[in-house]
Structures are given as C-alpha cells and as structure tokens.
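Annotation comment: Swiss-Prot describes 19 as site 'Transition state stabilizer', evidence class sequence analysis. What Swiss-Prot records for 24 is active site, proton acceptor. The annotation substrate binding site is assigned in Swiss-Prot to 76, 82, 89, 103, 104, 113. According to Swiss-Prot, the active site, proton donor annotation covers 102, on the basis of sequence analysis.
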C-alpha cells in the first residue's frame, strides 16, 4: 500500500476557476486535486485531498495526518497563511514534512500577503506557479522523503 500525503486547501480555494481568474487562473479545485492525485501516484504515493473554509477543520486534518502516519503535507492555507499561528503550531506539532503552496505570487500582491506564519513550519514554499506549484510541491516532498517519480 502506498505511503500517504495530505494536500490541504484553505479558505476560498473552493472558488478556484471563478474567483479572480486574472490572479488565480481558470483551473478548478477539482483540477488541482486530479493533478495532485496523479503526481502523487507517479511518485508511488497516495494523496488525500481536502478543502475547508474553517481553520479548526484544517488543524484537525493536520492532526489526522499524523494519526494516519502520513509522510507529508502540502498546504495552501489561503488567507490563513498571513494570520494563523494555530496552523503554524499544528504543523510544528505533528513533525511531518510540509510544503507551503500558493497559486499566485503573494509577494507581487498586497503587502499584508508578504508575511507567512506557515513558511517557518514548512521545509519549502512555492508561489506564483499557478496550480503547477502543487505538482512541484509533491515532487519536492517525494524527494525529501526518499521517493521519486517513476519514468
């Protein structure tokens, strides 16, 4: 049975494809989840993909990832990136390798988006690659944990 990673998406990411497409593109959350599932499988991993607009639910899933012995977490915390000490603490607490992802380049946007509480709890951060950032995050996570894409 393949090792599992969690791909967690935070608030408003359910609106991908329709919310500000000039910034976030036209890909939907279903497209993101399909890309993540396929990329994980190519690395011999299984992806559990979830989205919530609620901070506590995201924290519960981070804890569940530990309980289910997941080997990695990819997190797009959305707006919680800039405000949530609790998400930071959850990631630090579970001690699972994590990658922070953002569809847009947060550093080319409003100054309040330039700070991330998630970054210090993750071993890597990716932003500005569109949904391809998720693929890159999974490939980086696979390399970190010692699996790799199959040719």
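The backbone N, Cα and C atoms fix where each Cβ goes, and this holds for glycine too.
Recorded features from Swiss-Prot, shown on the structure.
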residue	record	DSSP (3 states)
19	site 'Transition state stabilizer'	coil
24	active site, proton acceptor	helix
76	substrate binding site	strand
82	substrate binding site	helix
89	substrate binding site	helix
102	active site, proton donor	strand
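Note: the Cα of residue 24 (active site, proton acceptor) and the Cα of residue 76 (substrate binding site) are spaced 13 Å from each other. Note on proximity: among 89, 102, 103, the recorded positions of the record, the Cα nearest residue 19 (site 'Transition state stabilizer') is that of 103. Here the recorded positions are 24, 76, 89, 103, 104, and the one ringed by the most other CB atoms within 10 angstroms is 76. Residue 82 (substrate binding site) and residue 102 (active site, proton donor) have their C-alpha atoms 12 Å apart, to the nearest angstrom. Separating the Cα atoms of residue 76 (substrate binding site) and residue 102 (active site, proton donor) is a whole-number distance of 6 Å. Put plainly, the recorded positions 19, 102 were compared by Cβ crowding within 10 Å, and the winner is 102. Separating the Cα atoms of residue 89 (substrate binding site) and the residue listed as 'active site, proton donor' is a whole-number distance of 19 Å.
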